[in-house]
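The next block holds one structure in the form of structure tokens; read it before the comments.
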């Protein structure tokens with residue numbers, strides 16, 4: 001995929017958890033993510049390549065323990081793959097630009113889409129709309 005940093009660069013610039021989640025398709029423990037309770041207005045971006053993924057307006061509290069969104073910024077920002085791991089069938093979501101693992105999407109979200117994009121904080125950064133401050137998950 002385009003613009004993906006080298007493994008050495010990723011290991012140098014990401015925490016162990018961020019590398020595990022984005023590159024090894026891992027999952028951070030529920031209720032531990034830095035961006036789970038973030039309520040500020042802004043944009044959630046791919047931690048690896050800075051591609052905009054979700055607007056804060058689509059974030060909601062699903063009670064699942066990870067940041068949840070009902071729709072991505074646009075149809076090209078997310079890549080969808082069938083995930084048959086752990087004895088179940090799920091839809092994995094990855095960054096549409098650099099292929100970093102983000103989480104999964106489920107058909108149990110609120111309207112208007114009915115979808116729940118369940119995303120690891122460790123795969124995201126957040127840019128505050130007003131201040132421009134950036135928080136890494």
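Every residue, even glycine, has its Cβ placed from backbone N, Cα and C.
Listed in Swiss-Prot:
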ACT_SITE  118  active site, nucleophile
BINDING   46, 49, 95, 98  Zn(2+) binding site
DOMAIN    7-129  domain 'MsrB'
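Residue 46 (Zn(2+) binding site) sits 14 Å from the residue listed as 'active site, nucleophile', taking the Cα positions as reference. Summarised by DSSP class, the composition of the domain 'MsrB' (7-129) is 25 helix, 40 strand, 58 coil. A Cα-Cα distance of 13 Å separates residue 95 (Zn(2+) binding site) from residue 118 (active site, nucleophile). Residue 46 (Zn(2+) binding site) is surrounded by 23 other CB atoms, counting those within 10 A of its CB over all protein chains shown. Here the Cβ of residue 95 (Zn(2+) binding site) has 26 other Cβ atoms within 10 Å, regardless of which shown protein chain they belong to. Neighbour list (residue 118 (active site, nucleophile), Cβ cut-off 8 Å, at least 6 residues apart, same chain): 62, 64, 66, 67, 68, 103, 104, 105, 106. Counting every protein chain shown, the Cβ of residue 98 (Zn(2+) binding site) has 20 other Cβ atoms within 10 Å. Looking at the domain 'MsrB' (7-129) alone, the prediction's average pLDDT is 96.
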